[in-house]
Amino acid sequence: MADVDQGSVLPSETSPLVLDGLNTTDSNGTDAVNATVAKFVATPEGTALAYGSLVFMALLPIFFGALRSVSCGKSKVAGENGCDYEYRNSSDMPETITGRDAARFPIIASCTLFGLYLFFKIFSQEYINLLLSMYFFVLGILALSHTMSPFMNRIFPANIPIKQYQLLFTQGSGETKEEIVNYEFDTKDMICLVISTVVGVWYVLKKHWIANNLFGLAFALNGVELLHLNNVSTGCILLGGLFVYDVFWVFGTNVMVTVAKSFEAPIKLVFPQDLLEKGLAANQFAMLGLGDIVIPGIFIALLLRFDVSLKKNTRTYFYTSFLAYIFGLGLTIWVMHTFKHAQPALLYLVPACIGFPVVVALLKGELTEMFRYEEVSPEDAAVKEETTESTEAEKKDQ
């Protein structure tokens with residue numbers, strides 16, 4: 001899978017909001033300070049710029065990922081339902097999260113997080129991060145390429161011929177032949193891949209925070225777009241479980257913060273607090289885990305699709321949950337800044353993102369309708385559509 005739609009990076013991404021200069025690495029990924037140097041103190045201007053930039057960057061993948069989840073969530077043909085690109089590959093199709101998946105996710109996330117913690121304690125951090133860099137190099141290229149596809153479709157010159165390509169790996173022969181990889185792409189995809197590869201090489205060689213954020217934003221947007229909750233109850237189970245997960249691993253142990261500081265991968269958005277003093281060479285970062293964007297984001301995207309299903313030409317629940325996210329993240333920053341301690345952002349985001357829309361639904365008398373709203377996976381929808389078409393054809397024959 002080319003992005004976070006398989007949850008390949010989500011468990012370790014649900015890291016706390018860390019906005020106190022914990023990450024002290026320079027643009028080359030080497031230690032910028034040692035233990036004898038006094039702790040960096042950000043200026044009020046630098047702090048405000050870092051906080052504001054993190055909030056703004058967090059909102060981008062939620063807003064645009066939610067819109068893309070509506071317009072292209074069930075489209076398989078370019079141009080259908082307002083979609084301007086095509087899901088040619090199964091890895092690009094939305095994946096539906098069921099209640100069972102949601103219940104298991106915090107357990108899987110905890111095992112993954114603690115496993116990473118043990119790895120960093122037992123093995124050399126340098127070699128672990130080297131392997132992770134290669135892994136996320138590939139994932140980041142594919143995720144960024146997928147993110148750029150709609151934009152490339154709009155600006156690509158019409159007079160340039162578009163050639164189709166297919167990357168196919170099979171195993172066995174004859175009737176036992178099995179597809180291992182079947183990836184279709186065209187000229188526009190090739191251009192996106194080239195641009196994404198340049199960013200990937202930049203990230204691997206320099207670990208620059210801008211390259212990190214480009215990959216991080218691509219992962220987050222793909223997650224919000226392609227990870228679909230099947231109903232609101234599933235969303236409550238997922239957010240509730242990760243609420244406990246986040247609080248336990250941040251306040252109960254040092255595991256979350258240790259992994260967040262040690263993990264050199266684009267699973268968090270970072271912004272320098274010393275940008276005004278050092279420019280692009282700044283190295284004292286505030287950070288926000290991608291899980292604190294993707295997890296609430298897929299719930300907000302679900303509410304947008306619920307809005308669409310009501311066919312009232314309003315986006316009440318989407319805007320309510322979106323504003324709730326802003327409120328929750330702002331509250332996280334305020335608490336962190338007041339108490340000078342890393343905060344589990346889901347502690348504040350989950351009650352806000354669930355509570356605000358529920359209150360609105362109660363006031364509008366649509367709470368039952370909200371919790372009855374159900375989505376099916378694209379595969380199940382296709383089977384249902386084929387069954388309906390065959391039934392109608394049989395009726396016509398009769």
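Cβ atoms here come from the backbone N, Cα and C positions, even for glycine.
Range with TrEMBL annotation transmembrane segment, chosen from 192-210, 211-229, is 211-229. Segment contact is absent for the transmembrane segment (280-304) and the transmembrane segment (126-144), given fewer than three CB pairs below 8 angstroms at sequence separation of 6 or more. In summary, the transmembrane segment (316-339) does not lie against the transmembrane segment (236-260): fewer than three C-beta pairs, each 6 or more positions apart in sequence, are under 8 Å.
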